[in-house]
Ligand code: HEC
Ligand code: HEC
């Protein structure tokens, strides 16, 4: 197994040119649907206790996260077992959730709405709440012709297409602006490739395009959630998770599926330890952190 990963990381490192690509400046989306979707995303009345919206945990003024290891859902419940990933750029991920159990954003949305620890609704109560609001009744009537859970999910998913962060210094660097990132960040990018990080964190989201095990060389201490195994029950899926995107990673602490790592510096060192069986010197860690900091992009809230 370890040999396999060594070879994999050697091959991918050799092919590492252009393994990261910039994200587009915008994605085509339907303005009226996205506008309705934003209202739904921000609306705390769509929860059991009237206090929690998508934005409570995935704050669009804060890179789509709340910077806690576990968020607080309805009735002040701690949202275990997972750390809240960002909604920013999630449209570019090949599947949704840490264990990849939703194929796309529309499917994902039905998770939190009906999760007893997150928004705590049932489909019936959700539809009652939407039907009781004349603005929603009019919008759904105009856009979709009817109110349904699928149409609610569709509108929110349309809004999520706007939660993207183009124009990070590193994307500008990739597009040819050689001064967009510091010399330290450039060294960090070289280390990121040379050390083998890029064999898992790659593509336009610098992650989000494959599943991998956490703890390839050293066992990950928190085995309380077994990742994809919980879905597939396959032995080989134990501790396998979606490789997270590293876009805006400097803004989305704490880290890992359990939110157990508070700083980016420690996160990089632990990645090398668990995934690559290496100990990196502080200079290398610092340069990789400088590279990761150059992945913070721009979000413009243009939806009315
Ligand atoms: C109480 C906090 C909370 C609320 C409210 C909440 N989420 Fe989440 N969200 C999470 C957590 C925790 C996860 C990770 C769960 C998992 O992987 O099983 C998650 C995962 C996601 C993901 C997957 C991202 C990825 O990279 O895999 C998306 C997209 C998302 N939520 C969107 C939403 C939307 C849209 C709403 C509102 C309908 C919402 N969330 C409400 C906490 C929350
Ligand atoms: C074999 C695949 C693999 C390699 C190699 C790898 N990673 Fe990861 N990385 C993952 C997985 C899987 C996770 C999610 C682990 C978890 O949540 O438990 C992750 C998580 C992370 C996170 C935290 C993301 C978040 O949102 O919590 C960062 C930062 C990170 N990796 C950076 C790196 C760096 C830097 C390197 C090289 C030193 C590296 N990774 C090497 C697979 C890999």
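Cβ coordinates come from backbone N, Cα and C, glycine included.
TrEMBL has this to say about the protein:
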{"type": "BINDING", "residues": "54, 57, 58", "note": "heme c 1 binding site"}
{"type": "BINDING", "residues": "197, 200, 201, 271", "note": "heme c 2 binding site"}
{"type": "DOMAIN", "residues": "32-160", "note": "domain 'Cytochrome c'"}
{"type": "DOMAIN", "residues": "183-296", "note": "domain 'Cytochrome c'"}
{"type": "SIGNAL", "residues": "1-16", "note": "signal peptide"}
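All features noted in TrEMBL, drawn onto the structure.
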{"residue": "54", "record": "heme c 1 binding site", "contacts (Cβ under 8 Å, 6+ apart)": "40, 41, 42, 87, 112, 156"}
{"residue": "57", "record": "heme c 1 binding site", "contacts (Cβ under 8 Å, 6+ apart)": "65, 66, 71, 73, 79, 84, 112, 118"}
{"residue": "58", "record": "heme c 1 binding site", "contacts (Cβ under 8 Å, 6+ apart)": "64, 65, 66, 84, 86, 87"}
{"residue": "197", "record": "heme c 2 binding site", "contacts (Cβ under 8 Å, 6+ apart)": "271, 276, 288"}
{"residue": "200", "record": "heme c 2 binding site", "contacts (Cβ under 8 Å, 6+ apart)": "207, 210, 212, 243, 275"}
{"residue": "201", "record": "heme c 2 binding site", "contacts (Cβ under 8 Å, 6+ apart)": "192, 207, 243, 244, 245, 246"}
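When the binding-site residues 54, 57, 197 are checked against ligand 1, 54, 57 have a Cβ within less than 6 Å of one of its atoms. Among the binding-site residues 57, 58, 197, 200, 271, residues whose Cβ is positioned under 6 Å from ligand 2 are identified as 197, 200, 271. Every protein chain considered, the tally of other Cβ atoms within 10 Å of the Cβ of residue 271 (heme c 2 binding site) stands at 23. Excluding 54, 57, 58, which define the heme c 1 site, the same chain contributes 41, 53, 55, 56, 59, 64, 66, 71, 84, 87, 112 within 8 Å (Cβ to the Cβ centroid), listed in sequence order. Mapped onto three states, the DSSP output places residue 200 (heme c 2 binding site) in coil. The helix, strand and coil residue counts that DSSP assigns across the domain 'Cytochrome c' (183-296) are 51 helix, 10 strand, 53 coil.
For the recorded heme c 2 site, residues 197, 200, 201, 271 set the reference point as the centre of their Cβ atoms, and the other residues of that chain within 8 Å of it by Cβ are 192, 196, 198, 199, 207, 243, 246, 275.
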